[in-house]
């Protein structure tokens, strides 16, 4: 099926299929890899999150799900509209803090998205 990626069944706290089968990828890698991916950026309307698809050097199909400023801002707006006390980002140190202009812009946009 289109846009279906099978995960290897790796037990994690009793769940037969979980994120234990995946790995974390730095945001800078995602931003570089998405441009050469099979799909480009795709959007999941249910999860309000972007993802993309690629094949590795041995032809294995992969999906990478991530947050970007748009998806973060939707989540932050939801928190604010419900009067919740806050929102956090899973791993801010995975952003690209290099001095490259594009990286600085992306990182600043991610942090600004947390404050609707």
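Backbone N, Cα and C define each Cβ position, glycine as well.
Per TrEMBL, the features are:
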| type | residues | note |
| --- | --- | --- |
| DOMAIN | 1-116 | domain 'GH18' |
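If you average pLDDT over the domain 'GH18' (1-116) in this model, you get 81. Sorting the domain 'GH18' (1-116) by DSSP state (H, G, I as helix; E, B as strand; all else coil) yields 42 helix, 17 strand, 57 coil.
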